[in-house]
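**Q** Dumping what Swiss-Prot says about this protein:
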BINDING   13-20, 90-94, 152-155  GTP binding site
BINDING   Ser20  Mg(2+) binding site
DOMAIN    4-229  domain 'tr-type G'
REGION    13-20  region 'G1'
REGION    69-73  region 'G2'
REGION    90-93  region 'G3'
REGION    152-155  region 'G4'
Amino acid sequence: MSQKPHLNLIVIGHVDHGKSTLVGRLLMDRGFLDEKTIKEAEEAAKKLGKESEKYAFLLDRLKEERERGVTINLTFMRFETKKYFFTIIDAPGHRDFVKNMITGASQADAAILAVSARKGEFESGMSLEGQTREHIILAKTMGLNQVIVAITKMDVAEPPYDQKRYNEIKETIEKFMKSFGFDMSKVKFIPIVSITGENVTKRSENMKWYNGPTLEEALDMLEIPPKPVDKPLRLPIQEVYSISGVGTVPVGRVESGVMKVGDKIVFMPAGKSAEVRSIETHHTKLEKAEPGDNIGFNVRGIDKKDVKRGDVVGHTTNPPTVAEEFTARVIVVWHPTALAVGYTPVVHVHTASIACRVSEIVARLDPKTGKEAEKNPQFIKQGESAIVKFKPIKPLCVEKFSDFPPLGRFAMRDMGKTVGVGVINDVKPSKIEIK
């Protein structure tokens, strides 16, 4: 394990905007892929006549390796810069990418947003159906304020390497991000050609007009978020493994507090208590885990079937809250008609995804002031924000955003799209007996 400070990075962006190629190039330039793997990927890409996609092939190779080897390794892409040790969360290109992005983004410290400069591709990413828009909204909801916008495929802009095209894209995205409340001093824009590595780790000879940082330099300008070590322990479960000779090994990231070997913990909403026998991260044993650590931990007295993804771990002295009902401030980002009482989207919060019924629309808010504009409206439409009460269909752990931000912000999904995003103001707890 590197002694450098550690950051979790997520790579987001519209399909075909060059996420995989960018990540592959970065890992290769930083020397975190061996020659043999690179050669094999190049040959595989050549065979299929997709030479320009050799870096994307590299990632797929890594993905297969991960699927074959059942390690407790949540993430498989790690690299170092001069200043930091990075883990890349969840390779892009998943069928359930947005769903995974929601759970992944809730664990990330910063994001790289890949945006293609190719004519038509940028425009489709920013269309109403586009994922560039959707991913920007989700990144903001999930509390990701540090974003590096990589404007990719500058070599196929028209004309190639065109500064005007770069500026046009930058201005459009800046305007959109500002409208969602991003602090633009924490957002960097970089024109990139991943396939040749221009402005990834080395400066581009073709874009002399750009004098900002390379991607690698921008990564070193990121800041480490403060660790909430003084708060109670909260660890949402990402996966649960059963490993022969070891036992049950849940995996997840510590969001707040500290977990130590020997601690008495409880899994909610299951209400199952256990003792922590060992903790490890990236195959290194730890005596204690702090916020930001992606860990696998072995527990005594728990069967694999007792716990699942979306459960939250806390100490028995301060168990995570299970909500009978919760109240949130919601923005409707997409809906063909309107949302009324009884509407039941799937709520994605930390690593959980549970259908929740709208039990009351308390008030519609004035978008300019955020103050109440109408009490108990019949419905809310796209672009509107409101205070809404939800009732989870199945037991669900959530917390007030002001107490535990990662467990207090969520996205609502329906019909394969993000319908809305929200922040929880209040939770009515349900009584769960600890076994």
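From the backbone N, Cα and C atoms, a Cβ is placed for every residue, glycine too.
For each feature listed, report its degree of burial, its nearest neighbours and the pertinent distances within the displayed model.
**A** For Asp16 (GTP binding site), the same-chain residues 6+ apart in sequence whose C-beta sits under 8 angstroms from its C-beta are Ser116, Glu121. According to DSSP, Asp16 (GTP binding site) sits in a coil region rather than a helix or strand.
Every protein chain shown contributes to the tally, and the Cβ of Ser20 (Mg(2+) binding site) ends up with 23 other Cβ atoms within 10 Å.
Per-residue confidence over the region 'G4' (152-155) averages 96 (mean pLDDT, predicted model).
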**Q** Determine, to the nearest whole angstrom, how far the Cα atom of Met154 (GTP binding site) is from the Cα atom of Ser20 (Mg(2+) binding site).
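**A** Cα to Cα, Met154 (GTP binding site) and Ser20 (Mg(2+) binding site) are separated by 16 Å.
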**Q** In whole Å, note down how far the CA of Gly13 (GTP binding site) lies from the CA of Ser20 (Mg(2+) binding site).
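**A** One finds 10 Å between the Cα atoms of these residues.
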**Q** Tally the residues of the region 'G4' (152-155) by DSSP class, grouping H, G and I as helix, E and B as strand, and everything else as coil.
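**A** DSSP classes over the region 'G4' (152-155) add up to 2 helix, 1 strand, 1 coil.
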**Q** Let me spell it out: for each of the binding-site residues (Gly13, Met154), count the other Cβ atoms within 10 Å of that residue's Cβ, using every protein chain shown. Which one has the most?
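**A** Result of the Cβ crowding comparison: Met154.
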